[in-house]
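Below is one structure; the comments refer to it alone.
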Amino acid sequence: MGCYRIRVATGAWLFSGSHNRVQLWLVGERGEAELELQLRTVRGEEEEFDRDIAEDLGLLQFVKLRKHHRLVDDAWFCDRITVQGPGACEEATFPCYCWVQGEDILSLPEGTARLPGDNALDVFQKHREKELKDRQQIYCWATWKEGLPLTIAADSRDDLPPNMRFHEEKRLDFEWTLKAGALETVLKRVYTFLSSWNCLDDFDQIFWGQKSTLAEKVHQCWQDDELFGYQFLNGANPMLLRRSASLPSRLVLPSGMEELRTQLERELQNGSLFEVDFILLDGIPTNVIQGEKQYLAAPLVMLKMEPSGKLLPMVIQIQPPNPSSPTPTLFLPSDPPLAWLLAKSWVRNSDFQLHQLQYHLLNTHLVAEVIAVATMRCLPGLHPIFKLLIPHIRYTMEINTRARTQLISDGGIFDKAANTGGGGHIQLIRRATAQLTYRSLCPPDDLAGRGLLGLPSALYAHDALRLWEIIARYVKGIVHLFYQGDDVVSGDPELQAWCREITEVGLCQAQDRGFPVSFQSQGQLCHFLTMCIFTCTAQHAAINQGQLDWYAWVPNAPGTMRMPPPTTKEDVTMATVMGSLPDVRQACLQMTITWHLGRRQPDMVPLGHHKEKYFSGPKPKAVLNQFRTDLENLEKEITARNEQLDLPYEYLKPSCIENSVTI
């Protein structure tokens, strides 16, 4: 009995408030009391009121709420409800962070994280079981394409659960900037309608509008071998480069190239020979755009690392050997300039395909969606791992649903502007899925396997490892608060179901590729959770943001090629180069979409700085604060380093990393 002070916080998003009346109950271990009030929620405000309650409720367990409407069901976004009991009682927090719709009663449990095995009060166990049963009806799996990871069952934004959709500001920004980009494309087409399109300088006619400082640098220096090599270390796609252990079997050196063989073997012995092999593209069917056949290659590039840290190309094989061409033409830096430039353009086109479809779409977006759906289906809101992960799945289901309906769909952007479009892109993702391993998603394993540890000029590698360490420390701090031993981990049925749901269901029996089907120790759990958060945050940032810088100048990263790969060097002319690169329509579309998808989002939440407070109590808060401090220290390190560089690497600065996959 006594006076209770209740505070109700409403979200700050557009339309978060509601004109409907909200009814509240307090539920304690010894009783329940309805609060007599006429609560009208207002966007971005916290309402506070006191109520005297005659009976002794005991320790508060739930707040129940119900929204009443007469004519219109006006949804309300409730952030949280806090209750200060009589006397010296600690304030109880009841997180919500979801839309309240309809007239059903919603029960919000007190925010202390609880494992399924340590519920002394049966009411919490019943609550979590009902919550999961309800969620599994709402969050259903679907097969978008055979051989790809499963997705959320939603054909459009409107099919998604309301809590997984963009908030209104995000939706408006996304759709209006897409329209603005389309208008810019039209203006560029009109501007170039009567202009020539015969030389590389003609691309300047469309190189205006939204572009970054680094994009301008790429525009000026894209033909330089040094910048070509740099991109494999620190560009939009730093995931393909590996140190050579031997000369690749596909690299057939014809007679007369003994000097090249000697150079390659010398670099190999010195440990300074590197390779990038696009063999995954071999045999992928190519697109037909407006009746014009497009072309695709599967190049191999051999590069050398100079003592200065520069990575320079030594030889390019555009296509692998085949019965009709057992000794493919090799292109060298000493070749006629246009022949060498065209060979590099074929490499950049191939890199564009694998970057966008394998390392961006599959390894970050689709993996993040599997994590998100499994989390909603298997972990109740009371579970500490749900509270840890939920900030890192914000907006992921909607951005992926939009990708499946606008980007990689029939008639989507890939069909209109990429040589893998028209179905080849799906085959490529299917091939990449079959090769997706657990180790490839964990930088310490991936970078060691590619021989990139300890390279001073490998900035992505350095920053990725530092972030992995910081995220791992954060994860360990949270896990050890709730799992005091390996037996607690192995004995958590909800956690084990979540693990199986990801590996066996979402990733389609990925245990053969190293993904776990159970957790038997704290260490196994921490490693997996670190992978989840790193993939949804840092890895996506590293792969997504570079589009803005490296793809705006289309010749540096052509999305399609319109002529077959050259088989001779002497016949390559400027007409050959321009006839191979995207035409003006394709180039404009590429510039528009890569700007739209690579730009910083106006409602961007930096890594670790989510405002939602899912955990209650001082200990989880202290772990999160230490995480933020570690990120701030890394930010300072990277900023100081970048001041000494001609090309700063900023994609993994913590302030540039979004807290989830949202674009």
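Here the Cβ of each residue, glycine as well, is placed from N, Cα and C on the backbone.
What TrEMBL says about this protein:
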BINDING   Gly17, Asp74, Ala75  Ca(2+) binding site
BINDING   His360, His365, His540, Ile663  Fe cation binding site
DOMAIN    2-114  domain 'PLAT'
DOMAIN    114-663  domain 'Lipoxygenase'
SITE      Trp99  site 'Essential for stabilizing binding to COTL1'
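Rounded to a whole value, the Cα-Cα separation of Gly17 (Ca(2+) binding site) and His360 (Fe cation binding site) is 36 Å.
Comparing the Cα of Ile663 (Fe cation binding site) with the Cα of every entry in Asp74, Ala75, Trp99, these being the recorded positions, the smallest distance points to Trp99. Listed in sequence order, the residues Phe15, Ser16, Ser18, His19, Asn20, Thr41, Trp76, Phe77 complete the 8 Å Cβ shell around the Ca(2+) site centroid, once Gly17, Asp74, Ala75 themselves are left out.
All protein chains shown were included, and the count of other CB atoms within 10 Å of the CB of Asp74 (Ca(2+) binding site) stands at 15. Closest in space to His540 (Fe cation binding site), of the recorded positions given as Asp74, Ala75, Trp99, is Trp99, taking the CA atom of each residue.
Same-chain residues at least 6 positions away in sequence with a Cβ under 8 Å from that of His360 (Fe cation binding site) are, in sequence order, His540, Ile543, Asn544. Put simply, of the recorded positions Asp74, Ala75, Trp99, the one whose Cα is nearest the Cα of His365 (Fe cation binding site) is Trp99. Ala75 (Ca(2+) binding site) sits 6 Å from Trp99 (site 'Essential for stabilizing binding to COTL1'), counting Cα to Cα. The Cβ of Ala75 (Ca(2+) binding site) has 17 neighbouring Cβ atoms from other residues within 10 Å, across all protein chains displayed.
Comparing Asp74 (Ca(2+) binding site) with Trp99 (site 'Essential for stabilizing binding to COTL1'), their Cα atoms are 10 Å apart once rounded.
If you draw a 10 Å sphere around the CB of His365 (Fe cation binding site), it holds 24 other CB atoms from the protein chains shown. Non-local neighbourhood of Trp99 (site 'Essential for stabilizing binding to COTL1'): Ala75, Trp76, Phe77, Pro162, Asn163, each in the same chain, at least six residues away, with C-beta under 8 Å from its C-beta.
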